[in-house]
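For 10-204, the entry in Swiss-Prot reads domain 'tr-type G'. Annotation source Swiss-Prot lists region 'G1' at 19-26, citing similarity to another entry. Residues annotated as GTP binding site in Swiss-Prot, with sequence analysis given as evidence: 19-26, 81-85, 136-139. According to Swiss-Prot, the Mg(2+) binding site annotation covers Thr26, on the basis of sequence analysis. Per Swiss-Prot, the feature region 'G2' maps to 60-64. Marked as region 'G3' by Swiss-Prot on the basis of similarity to another entry: 81-84. As annotated by Swiss-Prot, region 'G4' applies to 136-139, with the evidence given as similarity to another entry.
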Amino acid sequence: MAKEKFDRSKPHVNIGTIGHVDHGKTTLTAAITTVLAKKGYADAQAYDQIDGAPEERERGITISTAHVEYQTDSRHYAHVDCPGHADYVKNMITGAAQMDGAILVVSAADGPMPQTREHILLSRQVGVPYIVVFMNKCDMVDDEELLELVEMEIRDLLTEYEFPGDDIPVIKGSALKALQGEADWEAKIDELMEAVDSYIPTPERDTDKPFMMPVEDVFSITGRGTVATGRVERGQVKVGDEVEVIGIEEESKKVVVTGVEMFRKLLDYAEAGDNIGALLRGVAREDIQRGQVLAKPGSITPHTNFKAETYVLTKEEGGRHTPFFNNYRPQFYFRTTDVTGIVTLPEGTEMVMPGDNIELAVELIAPIAIEDGTKFSIREGGRTVGAGVVSNISK
């Protein structure tokens, strides 16, 4: 069958495989590409091609991740698979691979294991919104009752972490048998992809979200006003729009965008991904600074206190060589600026070691525009020592 041309018109969704080590995440990834390749929807990838993922660096952190792409009748997918547990933790916290949904792989022969639980918790904390379950290795379990028991266990575990355990699709299959071309098991991969297609919604595009632009630089043009430059993170901004200047200062200010410029050309509007200069009326050069954001009024608010799921770099990654304790005061780098914050460790935790993954409570010395899911780096004197994602805002 001739290869179908890559279709840009299909909606794009980012997904990934998660679950306990050796439950079959990589085998499933290989099976999906192999089964879809028969329809001309993917390039078949062997297990070894996926497993030998190259190391990447994201915010100074070394992560091994395999990226594959494929399509179904209705969508185009980018799929990430990580070889090691630590790679998942780092990946999900840095947002190196932003997932719109995940396929949780659980071995039917073993049932949920410690990392099954950890990956579900991480998904909840970093905001992976939807999970579909693939019960793998069902060819090794003859007892129908045992399969039902494992399914119930998985559903209970998902419910425990506030996912809709009763409604989540659970597909029972065998990635290895599908990879080997056995038709009955291949059909289960099709069933899985149908569940992913229908259960994981198409994400809202960045351009459709409310406008936000982190301010990188500010200067004034005599007779015209103040210009703030930066890359539009989401949404669109048009000439004449009212925007809010948020962060650092206690009070947010409303200003009007009187001009949008990109590559020295004037535009009517700018959208997510554009590097622009926004000409602002009614604001002095000294009233706006790097580290603030311009945003659609009311869409994001400044905060000082939050909880965050964090990963602390190892010495080998260029991080700290020693643990840190309660009241640790590093800088938190949000988008374009560092703000000092005071760290409170969870009750019963004496110290945090390099390489740990932990939920910290943070109090910043100045308010910053943040929301659940906002990513940041933890730095000491310009050197990255950790990465985190806001999981809960308290003030």
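Keep in mind that glycine also has a Cβ here, set from the backbone N, Cα and C atoms.
Swiss-Prot feature annotations superimposed on the structure.
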residue: Gly19; record: GTP binding site; contacts (Cβ under 8 Å, 6+ apart): Lys25, Leu104, Val105, Val106, Gln115, Thr116, His119
residue: Asp22; record: GTP binding site; contacts (Cβ under 8 Å, 6+ apart): Ser107
residue: Thr26; record: Mg(2+) binding site; contacts (Cβ under 8 Å, 6+ apart): Thr17, Tyr47, Ile50, Asp51, Ala66, Asp81, Pro83
residue: Cys82; record: GTP binding site; contacts (Cβ under 8 Å, 6+ apart): Gly16, Ala53, Ile63, Ser64, Thr65, Ala66, Tyr88, Asn91
residue: His85; record: GTP binding site; contacts (Cβ under 8 Å, 6+ apart): Val21, Gln115, Glu118
residue: Cys138; record: GTP binding site; contacts (Cβ under 8 Å, 6+ apart): Ala108, Leu147, Lys172, Gly173, Ser174
Open item on the list: With DSSP assignments reduced to helix, strand and coil, which class does Asp22 (GTP binding site) get?
Closed with: coil
- [ ] For the region 'G3' (81-84), jot down how many residues DSSP puts in helix, in strand and in coil.
- [x] 0 helix, 1 strand, 3 coil
Task: Contact set, same chain, for the region 'G4' (136-139): CB under 8 Å, 6 or more residues outside the stretch - done: 23-24, 27-28, 105-109, 147, 172-177, 185
